[in-house]
Structure formats: structure tokens, C-alpha cells
Amino acid sequence: MHICREHLSEPFFCNICKVRYAEVGSHESEHPCNLCEKSFQCITQLEDHYLIHEEHHSKFCRICQRELDEHATKRKDGYFYKCCHNCPHEFDNKTSFQCHLYTHSKFKLFKCDYCGERFTLKGNLRSHSKTHPKCKICRKTFVDRNSLDAHCLEEHR
């Protein structure tokens, strides 16, 4: 109770799942799977669990009709690829394919410290963060240009 009341919006590192969260609130509660009876302490554990459901969602790829278990196919250029069974994207390596699966996830773990918008991938958060304007004098970042202008009038006349 103390953690939720006093530290809800502070950064938090979980010793169980070894992930740094932008805030305790995205971690310190039980996370039930809405597809089965299981529940998880860490949201990252729940996300990993959802991949199991996604893998068993269909026995066949909706794009190429191949069985998902034997889905790696060699292209003419020698690369192997995998088709996403949620959309028409194809990937030539396992890491890109696995990262892409998170874009279909309902969970957005990465929260912008400036505006609160959430993202499924850390790279998307990084790109988004660059859109927020910075004060050229003190390097403080703001939600939008109006907030920056108000800051400059107030702090740097």
C-alpha cells in the first residue's frame, strides 16, 4: 500500500523480470490474462505469456497458408523469413519478427515522461520523445511549443 500511495509515479526496477518501468503503477499489481485463467506479477511476464496465445491462435498462416510451426521459408535471395499471422508483414530475422509481435500487443509498457503517451516498443518512445521541444538555454523538455514559450517568458526574460 505504501509503495502505491507514495511512489506510484516514480521509476521502478523489478528484480523478478529485470525490467525498468517508468512508474511503479505499471508493475506493482496483479496482471491477469484475459484469454485464460493465469495471472502474473509482472506485466512483462504477461506479455511473454500472450505470445503463447498468439502462436497458438491459428495453426495456419492467414497470408501464405503454411503451418505456423514450420513457417520459416527460404527466399530466392537466401534469406529466411517469417510472416506475421496478424498482418501482412514479413521478416528476414527472428529478432525483428519478435519485436514486431509486440506491436500487436494490447500492452504499452513504455510511457513518455513529458506527455504520458504510451508505446509498445522502446524505439517508438525514443522517436516520439524527440518531438518534444527543448529549451535552448536550460535544456529542459516540454510537452509542446506553447509550454516552452511560457517557460522562456517566465524563466529566461
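Quick reminder: no glycine exception, Cβ is built from N, Cα and C everywhere.
Automatic prediction, not curation, is the source of TrEMBL annotations.
Going by TrEMBL, these are the annotated features:
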type	residues	note
DOMAIN	31-58	domain 'C2H2-type'
DOMAIN	81-109	domain 'C2H2-type'
DOMAIN	110-137	domain 'C2H2-type'
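For the domain 'C2H2-type' (81-109), the DSSP-based tally of helix, strand and coil residues reads 10 helix, 5 strand, 14 coil. Model confidence over the domain 'C2H2-type' (81-109) is summarised by a mean pLDDT of 73.
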